[in-house]
Amino acid sequence: MVTSILYIKCASQVVTVSGGSDRPKRGQDMSDIGVIENGSVVIDGGKIAFAGPDAEAVHYISKLNGEVTTIDASGKIVTPGLIDPHTHLVFAGSREKELEMRLKGAKYLDILKQGGGILSTTRSTREASEEQLVEESAKRLNRFLQHGVTTVEAKSGYGLTVEDELKQLRAAKKLSERHPVDLVSTFMGAHAIPMEYKENPDEFVRLVIEEMIPKVAEEGLAEFCDVFCEEGVFTVEQSERILKAGKKFGLKPKIHADEIVQFGGAELAAKLGAVSADHLLKASNAGIGQMAEKGVMAVLLPGTAFFLMEKPANARKMIEAGVPVALSTDRNPGSSPTESLPLIMNLACLTMKMTPEEVLTACTINAAHAIGKADQIGSIEIGKKADLVLFDAPNYQTLQYNYGVNLVDTVLKNGKVVVEGGIIIGTNEGSHPFSTFAN
Ligand code: NIG
Ligand code: FE
């Protein structure tokens, strides 16, 4: 059988981020990103078949049988497709008024207490149909793709009833089927206490544990379970019960931990052996130490700290303690309305003093570990999915140096070009253009 081979030729650098598929990179290893100067990548059957110096690529191709299409990558760098391991992608409505309120001094948790914040998005999401959620979220997913992101984790948590949580997760499933970007779903019914349970939060916890989790698992709608473990939201004890219940149904635990106050979220993540603890702005030293010991991934969200006008997490302390670190947008309508993972990379450097190498590891192989997909994506290694980005930059440091601009030139998903010259060009099947995907 004649297969079609794609030859990405003579990039100024191929940033492979190899050597971390078995376990997340931590400490000094986060700086080892396997750069190949004047490198080429060969794709065969949607998978990476070769990555190395161009001189060797020519030899490799000469032995293959099949039609070869060449993409000239000179003057550009090639990286693995970026991975966003923490988003609240699927929702309806918008909250720009809350930015005005916060600029005048209102506090994020106070807005939530008064029935705004997450509860405001919950009202709009409840009103939307599943199809409307797919359409609104597809626009956001398009923007992620244009910023070089090829896999996105997406949480529920704006339904807060059995049916509305299922609706959000079903919308995520549809999106993943229709859109080139792959979604990985997380059930987050414990995102806020809805108004109707304000006086009886434990009854809502019961609903999450006894009704939502079994239904989500039965329909196979999520791989992870997450909880907003925070003062005035879910206590450590409630969070533990919910995450343990999720575990029984095969949902792996994640935690929104120590975001606004120091609350013991990092410690709980270590105790439960969570896949990740996310945010961690206020994590204690003891919590960081315990995460390092248990190998719990820290998913850091410097865009959220920026947008909430808070001091970001102490990434340096975590890396030095041996905690593996990943980065994410936290895309949501309240605390981080952006799809630009490259901007988050800039913020990680400039506000948390992560190095360009650490940042690239955090947005590729470590992010893949944070969603349990490091065997398939997150690095340019033989046999992995050919999810790749060509950036219009002569070296990887330029990605962290230029900020607020989009340097993405080409994106490949499963070996197919889906973004060319920065523009979305078509579906994986080559039918309708998904720049108009939502219509
Ligand atoms: O990760 N903190 C909880 N959840 C989101 C915000 C959700 C919202 O404000 O709508 C976060 O910051
Ligand atoms: Fe979040």
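Using N, Cα and C of the backbone, Cβ positions are placed for all residues, glycine too.
Features as listed in TrEMBL:
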- 77-418: domain 'Amidohydrolase-related' (DOMAIN)
- H86, H88, H256, D330: Fe(3+) binding site (BINDING)
- H86, H88, H256, D330: Zn(2+) binding site (BINDING)
- R95, Y158, H191, E259, S335: 4-imidazolone-5-propanoate binding site (BINDING)
- Y158, N332, G334: N-formimidoyl-L-glutamate binding site (BINDING)
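Checked against ligand 2, the binding-site residues R95, H191, D330, S335 give D330 as the ones with a Cβ under 6 Å from it, listed in sequence order. Across the domain 'Amidohydrolase-related' (77-418), the model assigns an average pLDDT of 98. Put simply, G334 is the one of the binding-site residues H256, D330, G334 whose Cα lies nearest to the Cα of Y158 (4-imidazolone-5-propanoate binding site). Within the same chain, the residues at least 6 positions away from E259 (4-imidazolone-5-propanoate binding site) whose Cβ sits under 8 Å from its Cβ are E230, G265, H279, L280, L281, K282, T304, listed in sequence order.
A 10 Å cutoff on Cβ-Cβ distances gives S335 (4-imidazolone-5-propanoate binding site) a total of 25 other Cβ atoms nearby, all chains included. Within 10 Å (C-alpha to C-alpha) of H256 (Fe(3+) binding site) lies none of the binding-site residues R95, N332, G334, S335. Excluding the listed site residues H86, H88, H256, D330, the same chain places T87, K155, D226, D278, H279, L301, T304, S328, R331, N332, S336 with Cβ atoms within 8 Å of the centre of the Zn(2+) site Cβ atoms. Comparing C-alpha positions, G334 (N-formimidoyl-L-glutamate binding site) sits nearest to R95 among the binding-site residues H86, R95, H191. Residue pairs drawn from Y158, N332, G334, the listed N-formimidoyl-L-glutamate binders, are separated by up to 12 Å at the Cα level.
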